Amino acid sequence: LLLGTSLTLVSNHWLMAWMGLEINTLAIIPMMTYPNNMRNTESAIKYFLMQATASMIIMFAIIYNAWMTNQWTLFQVSNEWATMFMTLALAMKLGLAPFHFWVPEVTQGIPLTSGMILLTWQKIAPTSILYQISPSLNMNLLILLAVSSTLLGGWGGLNQTHLRKILAYSSITHMGWMTVIVLINPSLTILNLLIYIAATMAIFLCLNLTSTTKINALSNLWNKSAPMTITLMIILLSLGGLPPLTGFMPKWLILQELIIYNNITTAMLLAFSALLNLFFYMRIIYTSTLTMFPSNNSSKFQWFHSSPKPTSLIPSMTVISAML
């Protein structure tokens, strides 16, 4: 995983960047199938098929661009059709709508640790290519992909009860926010990606520490760890973009840039779609912090039980993701 992402980040030749994406795809599959069962295998096959399809489209766009322009440099994609195919293939890899259907299914079928890597680390390499070819991208196509991702990501997460699926739809929405600004101000894409990765890793670490995968299990979270409940609440509010938490900053700056460039309609649609995400984040918070047992609590208190899992990452991730 480290080699694949690093190869894509440092390369300026298309074949090297493509090779890094392939190494990334193949490296995560053993991690996804580690507790060997049918659900993990099915999710790994779905992931592999989607990534292989996107890689083939990327290779087609690379060869077509080299044929038309006679160069293999990563920064120069001057052909319009090659740019369009490259954008659609990267949208498939990132899970942007309308190519988003694989993200919730794959995330739901794999363990929490693999899901965390899938929704954080695996986004870095495709986003870096999108960042590097941003001057030649088509604005209308990017806005279409971004707005549909934010709306479908918010809409799809409303009726979910599994936390991994909710985080997958949250990932689709955040990828839409990053895509819409990559042509206007690519630095904001990197800022949004870093804050999103920090917050998502913190949430997955909290869920992994308490072995929680469903919303209804969150009502017992305060019984397992009271500080963890407060931590999860703050991180979810930050991820939803509520001021004055850190997650509000990239959304604020992106909306400001869109308004400066007279994309008022796009900015309004993105702002409205953020409310959908905030709604299902608030539902998780309500279940985990404000729901008490109706009668006597017969479950065992676990506040002072020692945990074999590493907890040192939790405070640092909380500070990164939740403090402006």
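Every residue gets a Cβ built from N, Cα and C, even glycine.
Bear in mind that the values here come from a model prediction, so they are computed numbers and not experimental data.
According to TrEMBL, the protein carries these features:
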type     : residues : note
DOMAIN   : 11-275   : domain 'NADH:quinone oxidoreductase/Mrp antiporter transmembrane'
TRANSMEM : 15-35    : transmembrane segment
TRANSMEM : 47-69    : transmembrane segment
TRANSMEM : 81-103   : transmembrane segment
TRANSMEM : 115-133  : transmembrane segment
TRANSMEM : 139-159  : transmembrane segment
TRANSMEM : 166-184  : transmembrane segment
TRANSMEM : 190-209  : transmembrane segment
TRANSMEM : 259-282  : transmembrane segment
DOMAIN   : 278-324  : domain 'NADH dehydrogenase subunit 2 C-terminal'
Range from 47-69, 81-103, 115-133, 166-184, 190-209 with the greatest count of C-beta pairs under 8 A to the transmembrane segment (259-282): 166-184
Segment-level pLDDT (mean, integer) for the domain 'NADH dehydrogenase subunit 2 C-terminal' (278-324): 63
Intrachain neighbours beyond the transmembrane segment (81-103), with Cβ under 8 angstroms and 6 or more residues off its ends: 21, 46-47, 50-51, 53-55, 57-58, 60-62, 64-65, 68, 123, 126-127, 129-130, 133, 136-138, 141-142, 145-146, 148-149, 151-153, 156, 168-169, 171-172, 175-176, 179
Cβ contacts under 8 Å made by the transmembrane segment (15-35) with residues that lie 6+ beyond its boundaries: 1, 3-9, 41, 43-44, 47-48, 51-52, 55, 58-59, 62, 72, 74, 93, 106, 110-111, 113-114, 117-118, 122, 125-126, 129
